[in-house]
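So that you can see what the record holds, here are the features copied from Swiss-Prot:
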- H78, H177: substrate binding site (BINDING)
- D96, D107, E233: divalent metal cation 1 binding site (BINDING)
- D107, H170, E202, E233: divalent metal cation 2 binding site (BINDING)
Amino acid sequence: MNCIIKTESEIKKMKVSGKIAAEVLEMIENYIKPNISTEEINNICHNFIIKKKAVSACLGYHGFPKSICISVNDVVCHGIPNKNQILKSGDIVNIDVTIIKKNYHADTSKMFLVGQTNILSQRLCKIAQESLYKSLNILKPGIPLYKIGEVIQNYVENNNFSVVKEYCGHGIGRAFHEEPYVLHYKNKSHVILEKGMIFTIEPMINAGSHEVKCMKDGWTVKTKDHSLSAQYEHTVLITENGCDILTWQKNEKIPSKFINK
């Protein structure tokens, strides 16, 4: 596997891209309420990205028709914003943003709870986010890549949820998708983490079975059993002693139990 080690100049540019991607999610939070359409959310994000003098990486990517992915309830990933899809109280929503600034990509996503949600929805989103945080906690040079999937799967299954296996994290830089490919379940990858690697970790967690199906539009992926699904994603840089989260949000805080002392 040919993993690209980023130069200091490239890392500097990707930090700028990561900051913008994070700002999109920070900005859109106040708009996630009942009675807004997913297309309106898309348009608000698109305009914000343009104001930042960046470009949506999703728009036109292999024919994808919108600027961001919005996945609601049993949609696992790649949901297409639609003027007829109106959010309602009780929905859980993933917004996935990938931007390009000065030729360098950054990719991030998070869950939003709409109005009054039930305990299952809240717990699913919590465990999905915590599984990402647990994986971030182990990152440093010399760690085998497969450890990421091992940590995520163990945590998720110990909490009685399942990990989607068809989609994975990925290297990122000048290209949207680069090596290495980051599996979120137990695997036998021989890749060893090195300083200067940049990739995404983006576990997709289902309340029921891990099985998924792709819809006729060729993009939208749903759980086969119609159970809820949740995902969180960050773009991370491997540093000399750990990692730097390039898409960190200002209001984000990792619980102390997930931080090495």
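Backbone N, Cα and C atoms are what each Cβ position is placed from, and that goes for glycine too.
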Exercise for the section: For D96 (divalent metal cation 1 binding site), find which of the binding-site residues H78, H170, H177 come within 10 Å, Cα to Cα. Expected result: H78
Practice task
Would you kindly give the Cα-Cα distance separating H170 (divalent metal cation 2 binding site) and H177 (substrate binding site), rounded to the nearest Å?
Solution key: 6
Exercise for the section: For D96 (divalent metal cation 1 binding site), list the number of other Cβ atoms lying within 10 Å of its Cβ atom. Expected result: 21
Handout entry: Of H78, H170, E202, i.e. the binding-site residues, those within 10 Å of E233 (divalent metal cation 1 binding site) when Cα atoms are compared
Key = E202
Completion exercise
Quick note, H78 (substrate binding site) and E202 (divalent metal cation 2 binding site): C-alpha atoms separated, nearest Å, by 13
Completion exercise
Rounding to whole Å, the Cα atoms of H170 (divalent metal cation 2 binding site) and D107 (divalent metal cation 1 binding site) are apart by 10
Problem - Rounded to the nearest Å - Cα separation of E202 (divalent metal cation 2 binding site) and D107 (divalent metal cation 1 binding site) - result: 9
Problem - divalent metal cation 2 site, defined by D107, H170, E202, E233: further same-chain residues with Cβ within 8 Å of the Cβ centre - result: D96, T98, T108, S109, G169, I172, F199, T200, I201, H234, T235
Completion exercise
Around the recorded divalent metal cation 1 site (D96, D107, E233), other residues with Cβ within 8 Å of the Cβ centre, ordered by sequence, are C69, V97, T98, T108, S109, T200, E202, Q231, T235
